[in-house]
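**Student:** My structure is below; once you've seen it, I'll send some questions.
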Amino acid sequence: MKPQCILISLLVNLAYAEEYLVRFKNPTAFQQFTSNSNRSWRQFIDNKIEKKFSIGSFRGVTMNLSKNLVNKLKKSPLVADIVPNFRFEAFEGDSVNSAESSYTFNATAKYSYEDVEEEQNITYQPDAPRHLARISRHYQLPFDVGDKDRYKSWFNYYYEHDYQGQDVNAYIMDTGIFADHPEFEDRVIQGIDLTKEGFGDQNGHGTHVAGLVGSKTYGAAKRVNLVEVKVLGKDGSGEASNVLSGLEFIVEHCTKVSRPQGKKCVANLSLGSFRSPIINMAVEGAIEEGIVFVAAAGNFNLDAYWASPASAENVITVGAFDDHIDTIAKFSNWGPCVNIFAPGVEIESLSHLNYNDTLILSGTSMSTPIVTGVAAILLSKGIEPEMIAQEIEYLSTRNVFHRRTLFFKPSTPNQILYNGVDKLDDPYDDETFPRLNIEAIAKELEEYNATLQTPMSENLQSGSKLWGWNNDVTLPLGEIRLKRRDFMKNL
């Protein structure tokens, strides 16, 4: 369609415009779209484009468009996708104590310990959090169902002293970070705030996540730098355009600031939406720039194919397992998109409210930063960014989950995170392990339902389908309860 014809349609429909994300097929298509020789076209486009995005080979814009114009533009050979500027959410899983509260507080936090040196550059953190102890051993940790605190102070976290992520910048794309917390030891860098709330964390999710990446007590990488990329507000959500702007910032900061300072780059994405080609392609564009991206699989007990950015190519996608019973968490997404599972049930980390309390949360949002911390360690050891996913899988502990529990999770990898420390597992006297009813666990995993809010529910009528989602099935939109088999029918 000629630009002049599209321009007429634009003018007719201005009063009915709303904001859309537009992805172009390639950089050349973007250039042709924005620099057409027709003066009226260029002037109109310049006025309507709110933001331009350039992330690797990804090119996109946000534009105020009417629905009629969307139908016109989608026929353009230059345009790949058009979607409303939908909402992104911080992934949260089941709360620990109730279905109403996402947070459990622990007022007995302690931030003083001394690492103990062992042989061959191996250091251990005594009285370590359970999630850290689990990733530095191959076999199950003891757990007493009748006395959950019985083994609380028994565990050590082993790691290599010289490789703690000290030459790595970890970008935390989330709700912000409580940067003044002493656990971060002045290693937080204010990157960008896209929420207009200002830097800092008014939600808690981002601080908890950052603590699992690199805090002194709860972090896998004890000396990594943490870059605050605030794309989600105090309610834990934000626009997809914020996520795109955050990705663009990460690429620019990594290439122009981090690398000239000798720093390597890894990004943590403990957030997500329903499957979106625009988000996936933007993340893939950022990965082209040599940045490691680690993403949460999601908490809907579905194939992670249906979540973004979990389904993006070359992202390290993380599922959650329960390290109390060494079984995939009932809420965790699964499937061939998942690279690795990490502890994600009742995970303790920092609070955004004060220095003394900690938070206990569950979800793939908690599993993901633990993997991000290990990725930072591997980058410190000289592993190339494009090899990090392969190295994490190579080091993993395999065949931990009972095969019966994977029966309804086809092509799901049976491997959990291991940090690669070269030592034998600690023995424990008077060990107690839960006696598991595998049939009951398998049944619960199969039948567990999660409430899924699709990102387009505010923009689309029930049962409609958004143009550009060529691989998606038509679903009733809004708040719906979905089982794995509902999706498998359409695969």
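Glycine is no exception: its Cβ is also placed from the backbone N, Cα and C atoms.
Found this in Swiss-Prot, in case it helps:
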- 1-17: signal peptide (SIGNAL)
- ASN38: N-linked glycosylation site (CARBOHYD)
- ASN64: N-linked glycosylation site (CARBOHYD)
- ASN106: N-linked glycosylation site (CARBOHYD)
- ASN121: N-linked glycosylation site (CARBOHYD)
- 142-442: domain 'Peptidase S8' (DOMAIN)
- ASP174: active site, charge relay system (ACT_SITE)
- HIS205: active site, charge relay system (ACT_SITE)
- ASN268: N-linked glycosylation site (CARBOHYD)
- ASN356: N-linked glycosylation site (CARBOHYD)
- SER365: active site, charge relay system (ACT_SITE)
- ASN449: N-linked glycosylation site (CARBOHYD)
**Student:** Cα within 10 Å of SER365 (active site, charge relay system): which of the recorded positions ASN64, ASN121, HIS205, ASN356 qualify?
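**Tutor:** Within 10 Å Cα-Cα: HIS205.
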**Student:** Based on Cα distances to ASN121 (N-linked glycosylation site), point out the closest of the recorded positions ASN64, ASP174, ASN356.
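**Tutor:** Nearest by Cα distance to ASN121 (N-linked glycosylation site): ASN356.
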**Student:** As a test of reading the model: what is the averaged pLDDT for the domain 'Peptidase S8' (142-442)?
**Tutor:** 94
**Student:** Within its own chain, what residues at least 6 apart in sequence put their Cβ under 8 Å from the Cβ of ASN268 (N-linked glycosylation site), listed in sequence order?
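**Tutor:** Same-chain residues close to ASN268 (N-linked glycosylation site) (Cβ under 8 Å, separated by 6 or more) are ALA170, TYR171, ILE172, MET173, ASP174, VAL209, VAL213, VAL294, THR368, PRO369, THR372.
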**Student:** If I take the alpha carbons of HIS205 (active site, charge relay system) and ASN356 (N-linked glycosylation site), what is the distance between them in whole Å?
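**Tutor:** Roughly 17 Å, rounded to the nearest whole number.
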**Student:** What number of additional C-beta atoms lies within 10 angstroms of the C-beta atom of ASN356 (N-linked glycosylation site)?
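**Tutor:** There are 13 of them.
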**Student:** State the Cα to Cα distance, in Å, between ASN356 (N-linked glycosylation site) and ASN64 (N-linked glycosylation site), rounded to an integer.
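**Tutor:** About 46 Å separate the Cα atoms of these two residues.
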**Student:** Looking only at DSSP and grouping its letters into three states, which state does SER365 (active site, charge relay system) belong to?
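**Tutor:** In the DSSP reduction, SER365 (active site, charge relay system) maps to helix.
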**Student:** Ten-angstrom check, please: count other Cβ atoms within 10 Å of the Cβ of ASN121 (N-linked glycosylation site), all chains counted.
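**Tutor:** I count 13 other Cβ atoms within 10 Å of it.
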**Student:** Counting only other Cβ atoms and using a 10 Å cut-off, which of the recorded positions ASN64, HIS205 scores lowest?
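**Tutor:** Relative to the other recorded positions in ASN64, HIS205, ASN64 has the fewest Cβ atoms within 10 Å.
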**Student:** Looking at the active-site residues ASP174, SER365, which one has the fewest other Cβ atoms within 10 Å of its own Cβ?
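**Tutor:** Candidates: the active-site residues ASP174, SER365. Fewest Cβ atoms within 10 Å: ASP174.
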**Student:** Helix, strand or coil at ASN64 (N-linked glycosylation site), per DSSP?
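**Tutor:** Looking at the DSSP assignment, ASN64 (N-linked glycosylation site) belongs to a strand.
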**Student:** May I ask you to report the DSSP-based helix, strand or coil state of ASP174 (active site, charge relay system)?
**Tutor:** strand
